[in-house]
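Quick one: the structure is below, questions incoming.
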Amino acid sequence: MAATEVDVVVIGLGVGGEEVGGRLADAGLTVVGVEHTLVGGECPYWGCIPTKMMTRAGNALAEARRIDGLAGRATVTADWAPVARRIRDEATDDWDDKVAVDRFTGRGGRFVRGRAAIAGPGRVVVDGADEYAARRGIVVATGTTAVVPPIDGLAGTPYWTNREAVECAELPASLAVLGGGAIGLELAQVYARFGVAVTVLERSERLLAMEEPESSEVAHAALTADGVTVRTGVGATAVSYADGFTLTLSDGGTVTAEKLLVATGRAARLGGLGLDTLGIEPGRFLDVDERMRAADGLWAVGDVTGHGAFTHLAMYEAGIAIRDILGREGPPADYRALPRVTFTDPEIGAVGLTEAQAAERGIAVETAFTPLSSSSRGFIHGPGNEGFVKLVADPARGVLVGATSAGPAGGEVLGALSVAVHAEVPVSTLQHMIYAYPTFHRAIEAAVSQFSFPPRG
Ligand SMILES: Cc1cc2nc3c(=O)[nH]c(=O)nc-3n(C[C@H](O)[C@H](O)[C@H](O)COP(=O)(O)OP(=O)(O)OC[C@H]3O[C@@H](n4cnc5c(N)ncnc54)[C@H](O)[C@@H]3O)c2cc1C
Ligand SMILES: NC(=O)c1ccc[n+]([C@@H]2O[C@H](COP(=O)([O-])OP(=O)(O)OC[C@H]3O[C@@H](n4cnc5c(N)ncnc54)[C@H](O)[C@@H]3O)[C@@H](O)[C@H]2O)c1
């Protein structure tokens with residue numbers, strides 16, 4: 001059968017692919033979008049949106065528990081049913097993507113349900129049958145999947161990934177979480193706040209190991225306060241299952257739990273994609289240049305490029321690829337001010353480089369740190385005011401190269417810090433602007449005033 005000719009084929013209609021496909025269709029291109037699971041991808045069905053509904057619920061419980069001593073007395077009875085219902089009915093439409101498919105086709109995109117593979121330059125085959133010839137090219141937006149470590153006995157067991165943890169309609173009595181990154185910590189805290197006995201096992205010496213050590217400390221203390229047993233510097237060497245999980249640990253101990261959540265990182269979905277037909281042998285991710293080009297007539301966006309697994313990054317990269325495909329001018333990809341927020345309570349937001357990352361790059365950094373509890377707003381807030389602002393500056397250039405804001409509104413305070421790092425706002429400007437009182441973001445002023453530069457009279 002002859003190949004169907006189109007302008008662009010987008011493989012994977014998650015966050016990044018749907019954005020690319022939809023906006024190219026808006027621009028009048030003939031676009032085929034291929035998706036084998038659900039249009040919208042991980043974020044709306046098993047990622048950001050349902051997990052943030054979970055954290056919203058967990059935070060409401062925690063806030064209610066802070067009423068004693070602040071505003072009277074509250075008896076809090078946790079109930080998972082409304083959370084499961086919101087996830088099923090409001091977030092995911094019972095894991096049905098009809099609305100998303102209609103959204104895509106309503107913009108003029110042609111939707112194909114199936115598994116796509118590249119069959120040569122500009123050629124895509126779906127489910128080994130239908131073939132498409134893309135005049136302008138192919139966009140790979142296939143995302144990532146949970147990494148399952150090769151632990152003795154794990155493979156055959158009914159372990160959870162983020163998907164089962166989000167789909168859960170009835171809570172287990174206990175949960176072991178392998179991995180102390182963003183997924184592990186957000187879910188561990190929520191489950192604990194709903195009364196599940198949670199144990200987190202993190203192989204590194206600290207939680208959130210890629211972030212500032214102060215972030216790890218805040219996360220560790222917050223989880224512990226919620227009753228989570230946190231074990232760092234320890235991994236599992238064997239897993240067995242018989243009506244529950246038993247994990248043998250690297251220190252010889254054991255942990256038992258009704259359910260086991262594997263949250264040990266993500267791997268790009270590149271297998272069976274036919275990249276070899278273009279002479280590409282990808283590593284862990286699909287390398288792209290600053291215009292998201294992986295090869296002639298091949299673009300890639302989102303998690304699959306390995307720049308970070310975040311929805312805002314997939315959207316950002318989509319925007320760059322769209323401009324390039326349409327031949328429009330615009331700035332190249334710039335990751336200096338990549339923001340990220342771990343939605344624990346307190347939220348841990350960060351942008352740009354940590355102190356250690358800046359030092360690795362040879363920057364003779366100066367840092368500033370202020371705990372939220374010493375700010376007026378932190379004092380007023382009282383219970384639940386844990387957090388801090390940490391700034392990492394390059395004194396030679398007089399700008400911030402990174403920052404962390406942890407606290408009840410850590411992700412929102414991050415907005416100002418993201419602008420500062422992205423736009424390279426001079427530290428002297430940050431020192432002499434006005435910060436509203438009494439806000440959490442005033443902690444930025446307290447921190448920025450600590451720098452020894454520029455010399456002040
Ligand atoms: C539990 C969890 C919580 C998260 N929370 C946040 C958060 O709070 N904030 C944030 O910014 N990010 C968060 N993320 C990350 C966010 O979900 C991802 O960064 C985002 O979904 C990436 O979008 P993407 O388009 O690159 O990939 P995906 O959303 O994974 O979409 C890729 C799509 O491609 C499809 N596909 C793959 N291969 C093929 C093929 N061969 N043929 C056809 N279709 C194919 C897949 O089925 C999938 O639908 C979270 C992730 C998880 C797992
Ligand atoms: N709020 C957000 O924006 C958000 C939320 C969830 C996920 N995400 C994205 O998804 C990505 C994946 O999340 P993740 O938490 O799975 O990965 P991660 O890479 O952030 O963390 C995984 C952790 O597991 C540990 N680990 C690995 N193997 C282990 C083992 N065998 N035993 C014990 N610990 C082990 C690692 O040391 C690491 O700390 C994140 O990096 C982030 O980009 C973002």
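In case you wondered, yes, glycine gets a Cβ from its N, Cα and C as well.
TrEMBL annotations: computationally assigned, not manually curated.
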With GLY179, GLY180, GLY181, ALA182, ILE183, GLY184, LEU185, GLU186, GLU202 listed by TrEMBL as binding NAD(+), identify the candidate in GLY114, GLY120, GLY265 belonging to that site.
GLY265
For the domain 'Pyridine nucleotide-disulphide oxidoreductase dimerisation' (339-447), what are the DSSP-based totals of helix, strand and coil residues?
40 helix, 33 strand, 36 coil
List every residue in the same chain as GLY181 (NAD(+) binding site), at least 6 positions away in sequence, whose Cβ is under 8 Å from its Cβ.
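Result: LEU208, ALA209, MET210, ALA263, THR264, GLY265.
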What recorded positions in the list CYS43, LYS52, ASP303 lie within 10 angstroms of ILE183 (NAD(+) binding site), counting C-alpha atoms?
none
CYS48, ILE183: which of these recorded positions has the sparsest Cβ neighbourhood within 10 Å?
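Sparsest of the recorded positions CYS48, ILE183 by Cβ contacts within 10 Å: CYS48.
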Around the NAD(+) site formed by GLY179, GLY180, GLY181, ALA182, ILE183, GLY184, LEU185, GLU186, GLU202, GLY265, which additional residues qualify by having Cβ within 8 Å of the site's Cβ center?
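Other same-chain residues with Cβ inside the cutoff are VAL177, ALA188, VAL200, LEU207, LEU208, ALA263, THR264.
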Where ASP303 (FAD binding site) and CYS43 (disulfide bond) are concerned, what is their Cα separation in Å, rounded?
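So the Cα of CYS43 (disulfide bond) lies 11 Å away from that of ASP303 (FAD binding site).
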If I take the alpha carbons of LYS52 (FAD binding site) and LEU185 (NAD(+) binding site), what is the distance between them in whole Å?
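Computed Cα spacing between LYS52 (FAD binding site) and LEU185 (NAD(+) binding site) is 12 Å.
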